[in-house]
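Read through the structure below, which is laid out as structure tokens, and then see the notes.
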Amino acid sequence: ATFVGCSATRQTQLNAAASQAQTYAANALSYLNSHTSSTTRYTTWFGTFVTSRYNTVLSHFSSISSNTFSSYTFDCTCSDSGTYAFVNPSNFGYVTLCGAFWNAPVAGTDSRGGTLIHESSHFTRNGGTDDHVYGQAGAQSLARSNPAQAIDNADSHEYFAENNPALA
């Protein structure tokens, strides 16, 4: 990885987060490839299963899993305590980390690894998701009310990938 304004400690933490994100992405893609009809895990985060929407999610995770997270550029110069991270969708592979990121666990709900999935889904080449809602409750509600937006929501991708608590 390339680091901008990151201490040695934070570089180590980012290497671990990148590794976790790579695992999450690979596992999400593997799951989608082996579950091509409705499952609790899919419908919880993306709503009613229809093939066209499934194919969109599959495309997103296929792209995300082909990223090498350890080759991203990580910028540690943001100190906003209320923000995890942000990207410019057209500037592929450049992620700015903020205060909330450093307080997150490496894996699990709202984790560092999951944050990198969230941010990578915003990159245009990975699907260009938006932020329609934040949080698990919001994402689950969106899946029920508007699956078309759920498949375009970054947190929905993060929670599907983190799969915590685990859903079949």
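Cβ coordinates are placed from backbone N, Cα and C, and glycine is handled just like the others.
Here is what Swiss-Prot records for this protein:
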type	residues	note
ACT_SITE	Glu119	active site
BINDING	His118, His122, Asp131	Zn(2+) binding site
DISULFID	Cys6-Cys76	disulfide bond
DISULFID	Cys78-Cys98	disulfide bond
SITE	Tyr134	site 'Transition state stabilizer'
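Mapped onto this structure are the features recorded in Swiss-Prot.
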{"residue": "Cys6", "record": "disulfide bond", "CB count, 10 Å": "18"}
{"residue": "Cys76", "record": "disulfide bond", "CB count, 10 Å": "19"}
{"residue": "Cys78", "record": "disulfide bond", "CB count, 10 Å": "16"}
{"residue": "Cys98", "record": "disulfide bond", "CB count, 10 Å": "19"}
{"residue": "His118", "record": "Zn(2+) binding site", "CB count, 10 Å": "28"}
{"residue": "Glu119", "record": "active site", "CB count, 10 Å": "25"}
{"residue": "His122", "record": "Zn(2+) binding site", "CB count, 10 Å": "21"}
{"residue": "Asp131", "record": "Zn(2+) binding site", "CB count, 10 Å": "12"}
{"residue": "Tyr134", "record": "site 'Transition state stabilizer'", "CB count, 10 Å": "15"}
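Shown in sequence order, Val87, Glu119, Ser121, Thr129, Asp130, Asn153, Ala154, Asp155, His157, Glu158 are the same-chain residues outside His118, His122, Asp131 whose Cβ sits within 8 Å of the Cβ centre of the Zn(2+) site.
Counting only the Cα atoms, the space from Asp131 (Zn(2+) binding site) to the residue listed as 'active site' is about 10 angstrom. Of the candidate recorded positions, Cys6, Cys78, Tyr134, the one lying closest to the residue listed as 'active site' when CA atoms are compared is Tyr134. Using a 10 Å Cα-Cα cut-off around Cys76 (disulfide bond), the recorded positions His118, His122, Tyr134 reduce to an empty set. With respect to Cys98 (disulfide bond), the closest of these recorded positions in Cα terms is Cys6, chosen from Cys6, His118, His122, Tyr134. Rounded to a whole value, the Cα-Cα separation of Tyr134 (site 'Transition state stabilizer') and Cys6 (disulfide bond) is 27 Å. Rounded to a whole number, the C-alpha distance linking His122 (Zn(2+) binding site) with Cys78 (disulfide bond) is 18 angstrom.
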